[in-house]
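Got a structure for you, questions after.
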Amino acid sequence: MNIFVVNSGSSSLKYQLFRWPDEQPLCSGLVERIGSAQAEITHQVGPAEQRHALAVPSHEAGLRAVVRLLTDGPGALLPDPAAVDVVGHRVVHGGEFFGGPALIDAAVKAEIKELFGLAPLHNPANYQGIEVAERLFPGARQVAVFDTAFHQTLPEYAFRYALPTALYAEQRIRKYGFHGTSHQYVAGQAAAHLGNPDARLITIHLGNGCSMAAVRGGRSLDTSMGFSPLAGLVMGTRSGDLDPSVLLHLLGPLGYTMEQVSTLLNKESGMLGLAGSNDLRDVGRALAAGDARAALALDIYAYRIRQYIGAYAAVLNGLDALVFTAGVGENDALVRARACQNLEFFGLELDAARNEARAPGLRDISHPAARVRILVIPTNEELEIARQCAAL
Ligand code: ADP
């Protein structure tokens, strides 16, 4: 079976092709700046990378160009588009409709569309990717894998806000949680590594967006993002947790518009707002150069993670492993060290040399004698999507 995984964003499209059942990635790539006359396709087969600059007016044109790369010329991987058996789509919001992957039909599409209101930045672009793939791969089965699905196992006392019940019952205002595909993937890897399917895990996804999850027996029990991906940890450009009155103060006395508040919280806050850069590599360099703003920003970032570790150790009534993943979690030893500081009470002790060492794949960076493992596990959302498609 050939499984083609698509992650369709507002102006970009990421893809990866897998051969099944050996989980072999055949190629991967990215179409950037869709809608401009200067779009770029980066297409990677094994170690070889090709770059193509061309006009890509639409998602359809972008995916058409990718299909040509897959099926035309000497490097072709497939004889024709009909060789794709399944297309797996990343869809950000599955609301309360989807607790797992779904075979896409008219009803599933209608439900994804109904969720545009809850995920206006993401679901429309994901939906567009589905419609384009249906046209370009008419013989394939299309599957949707939702970022929220893994967190549908949260108990009601964890996902409800203390707002009047009608706002939940009628408007579906509750915690949904996001990054579920990544949390699910690394939690599965960790449980397999520990040889304990019932492991109590705290998974920490630190990329541009950041979130944590409390996972036991492969089920998400709580997570730090909420109604939207704005809640929880300090992120690259998002504020994370905030007293809601701050918004009222901005909108009232300070005269901000809704639009300005949204831009402020989503695009100008987090590490960018605190330290002047959303990239933790810049913040690390500034810190090394003695920048006090960078030092404080990192303290705030790590303190918030430590608070959630404490909270989730309580949710899980103990802890078997802490898992770091995504761009920052996999690469930034300083962030990991700060996030694990002063947590000996919970049995967490980092091994400084193992934390600093770089190696591919899963790594245990905890002190050998510590009660709780600390793991670094590279996430692979595309592979998790392909696995869920295959299982379905
Ligand atoms: P996304 O959330 O966009 O999928 P990633 O998981 O790729 O993001 O993470 C991107 C972030 O990872 C970057 O903004 C950068 O701050 C961070 N990052 C990547 N490499 C490193 C590194 N070597 N050291 C520290 N941070 C890194």
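Numbering starts at 1 and runs along the chain as it is shown here.
Using N, Cα and C of the backbone, Cβ positions are placed for all residues, glycine too.
The following feature annotations were taken from TrEMBL:
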BINDING   ASN7, GLU381  Mg(2+) binding site
BINDING   LYS14, HIS205, LEU206, GLY207, ASN208, GLY209, ASP279, LEU280, ARG281, GLY327, VAL328, GLY329, GLU330, ASN331  ATP binding site
BINDING   ARG90  substrate binding site
ACT_SITE  ASP147  active site, proton donor/acceptor
SITE      HIS179  site 'Transition state stabilizer'
SITE      ARG238  site 'Transition state stabilizer'
Out of the recorded positions ASN7, ASP147, ARG238, GLU381, give me the one sitting nearest to ASP279 (ATP binding site) by CA distance.
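Sorting the recorded positions by distance from ASP279 (ATP binding site), the top entry is ARG238.
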Which of these recorded positions is closest to LYS14 (ATP binding site) if you go by CA atoms: ARG90, ASP147, HIS179?
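Nearest candidate: ARG90.
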Rounding to the nearest whole angstrom, report the longest C-alpha distance spanning LYS14, HIS205, LEU206, GLY207, ASN208, GLY209, ASP279, LEU280, ARG281, GLY327, VAL328, GLY329, GLU330, ASN331, listed for ATP.
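Output for ATP binders LYS14, HIS205, LEU206, GLY207, ASN208, GLY209, ASP279, LEU280, ARG281, GLY327, VAL328, GLY329, GLU330, ASN331: max Cα distance 24 Å.
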Looking at Cβ-Cβ distances, which residues of the chain lie under 8 angstroms from ASN208 (ATP binding site) while being 6 or more apart from it?
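For ASN208 (ATP binding site), the qualifying residues are MET235, GLY236, THR237, ASN278, GLY327.
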Round to the nearest Å and give the CA-to-CA distance linking the residue listed as 'active site, proton donor/acceptor' with HIS179 (site 'Transition state stabilizer').
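Checking the Cα atoms of the residue listed as 'active site, proton donor/acceptor' and HIS179 (site 'Transition state stabilizer') gives a distance of 5 Å.
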Given the recorded positions ARG90, HIS179, LEU206, ARG238, GLU330, which lie close to ASN7 (Mg(2+) binding site), meaning Cα to Cα within 10 A?
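Checking Cα-Cα distances against ASN7 (Mg(2+) binding site), the recorded positions within 10 Å turn out to be ARG90.
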What kind of secondary structure is the residue listed as 'substrate binding site' part of, going by DSSP in three states?
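The three-state answer is strand.
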For GLU330 (ATP binding site), what is the tally of other C-beta atoms lying within 10 angstroms of its C-beta?
18
ASN208, ASP279, ARG281, VAL328, GLU381: which of these binding-site residues put a Cβ within less than 6 Å of any ligand 1 atom?
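So the answer is ASN208, ASP279, ARG281, VAL328.
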Take the Cβ of LYS14 (ATP binding site) and count every other Cβ within 10 Å, whichever protein chain it belongs to.
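Summing over all protein chains shown, LYS14 (ATP binding site) has 19 other Cβ atoms within 10 Å.
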Taking only the Cα atoms, work out how far GLU330 (ATP binding site) lies from the residue listed as 'substrate binding site', in Å, as a whole number.
22
